[in-house]
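Report on the structure given below.
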Amino acid sequence: MGYLFTSESVSEGHPDKVADQISDAVLDKLLAYDPSSKVACETLVTTGQVVLAGEVKTGAYVDLQLIAREVIQKIGYTKGEYMFESNSCGVLSAIHEQSADINRGVEREDPMNQGAGDQGMMFGYATNETENYMPLSLDLAHRILLVLADIRREGKEMTYLRPDAKSQVTIEYDDNGTPVRIDTIVVSTQHDEFILPADNSAAAQLKADEEMLAVIRKDVIEVLMPRVIASINHPKVLALFNDHIIYHVNPTGKFVIGGPHGDTGLTGRKIIVDTYGGKGAHGGGAFSGKDPSKVDRSAAYAARHIAKNLVAAGVADEMLVQVSYAIGVARPINIYVNTYGRSNVKMSDGEIARKIDELFDLRPKAIEDRLKLRYPIYSETAAYGHMGREPQMVTKHFQSRYEGDRTMEVELFTWEKLDYVDKVKAAFGL
């Protein structure tokens with residue numbers, strides 16, 4: 001007998017993601033002007049208010065208020081009726097200098113001996129059920145919201161859309177872990193109050209709400225989902241769509257009040273959306289707002305890079321990689337591998353872990369260098385997942401009245417590159 005598995009995603013306008021994007025925009029601006037910056041930037045967003053807090057060690061000076069407002073405007077919070085608007089919201093900063101006690105454990109005369117910025121365990125996961133080696137349920141949940149955001153920005157259809165949205169996808173698997181069909185799709189999207197009640201009675205309000213919901217449900221099924229399906233190239237994934245999918249669209253009946261006005265948002269509260277949608281495991285450390293000396297972020301990217309390259313090389317059909325660190329110590333305490341009984345090599349998971357230790361240098365500075373993490377590459381990670389994205393070169397422009405203008409070429413999502421497949425095949429005799 002098979003089973004059902006569910007993953008969710010949230011849009012760039014979700015309050016927690018607004019916070020993540022502001023934190024990573026601050027990080028990027030600091031790295032653009034001082035690549036050695038040590039940053040831990042936390043953001044809180046609520047009705048008409050942004051609060052920045054955290055610890056920073058940098059030689060750069062940036063306009064935090066301007067950074068926050070630019071992010072909020074780009075997301076789409078540009079109307080006063082949202083009760084959170086880029087030009088009028090307050091921006092408070094309580095950012096201060098990084099602890100000297102932490103810094104002494106990280107800085108070393110030889111940079112390669114740089115210690116981990118904290119203790120903890122980090123996980124990387126990969127599966128061959130999708131072309132990007134991600135869990136299908138999460139991949140589809142992200143895709144739904146990416147297309148929904150495109151529709152909102154185009155402004156031609158579903159013109160009532162507001163920035164906040166969530167999706168959830170449930171997949172049925174057979175006993176062998178192979179996707180069989182899509183069972184349920186949930187889409188909750190914030191919207192304008194585009195149908196007004198005939199009068200002030202509760203009955204008239206209910207009637208207007210029901211009419212709005214009927215329009216939104218019809219548009220999700222007839223406008224959004226066909227565009228989602230059209231964006232998929234893989235025949236096996238397309239075959240999972242069927243006429244019996246259960247759709248839950250705005251199940252509360254109404255979603256006008258949303259974004260940071262509806263719910264307070266905090267950096268680092270969507271760590272499962274950021275990673276593998278509940279598949280694999282998570283060590284608990286969030287990513288956004290942290291420079292790569294924080295192994296919560298850099299080692300999680302490295303573990304994904306390892307798992308993806310090993311699965312792509314054919315070592316296993318599915319793989320979980322754990323690494324752990326002690327603060328101030330460069331080399332990881334352990335490397336753990338779980339192939340879920342789906343290994344394709346005549347080696348134990350422990351032997352695979354030892355091979356990984358030989359192939360990949362997991363000291364923090366080595367990870368930074370290998371994955372090019374000391375560059376302003378993080379804003380793009382802060383919505384729609386840090387994993388499963390497309391590696392690409394982009395040109396970025398930074399402006400500062402304090403530091404001048406800067407233009408640079410950077411490589412995004414380097415941990416998604418399949419650049420170790422040949423080395424892995426050679427090491428494992430594949």
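Including glycine, each Cβ sits where the backbone N, Cα and C put it.
Listed in Swiss-Prot:
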type: BINDING; residues: His14, Asp164, Ala165, Lys166, Lys254, Phe255, Asp263, Arg269, Lys270, Ala286, Lys290; note: ATP binding site
type: BINDING; residues: Asp16; note: Mg(2+) binding site
type: BINDING; residues: Glu42; note: K(+) binding site
type: BINDING; residues: Glu55, Gln98, Asp263, Lys294; note: L-methionine binding site
type: REGION; residues: 98-108; note: region 'Flexible loop'
L-methionine site span - longest C-alpha distance across Glu55, Gln98, Asp263, Lys294, in Å: 30
Assigned conformation of Asp16 (Mg(2+) binding site) - DSSP reduced to three states: helix
Farthest-apart CA atoms of His14, Asp164, Ala165, Lys166, Lys254, Phe255, Asp263, Arg269, Lys270, Ala286, Lys290, residues recorded for ATP, distance in Å: 36
Same chain, 6+ residues apart, C-beta under 8 Å of the C-beta of Lys294 (L-methionine binding site), given in sequence order: Ala40, Gly117, Asp118, Gly285
Segment confidence, the region 'Flexible loop' (98-108), expressed as mean pLDDT: 63
Residue pair Glu55 (L-methionine binding site), the residue listed as 'K(+) binding site' - Cα distance, angstrom, rounded: 9
Euclidean distance between Cα atoms of Glu42 (K(+) binding site) and Lys270 (ATP binding site), Å: 13
Conformational class of Glu55 (L-methionine binding site) under the three-state DSSP mapping: strand
Pairwise CA distance, Lys290 (ATP binding site) versus Glu42 (K(+) binding site), rounded so that it is a whole Å: 9
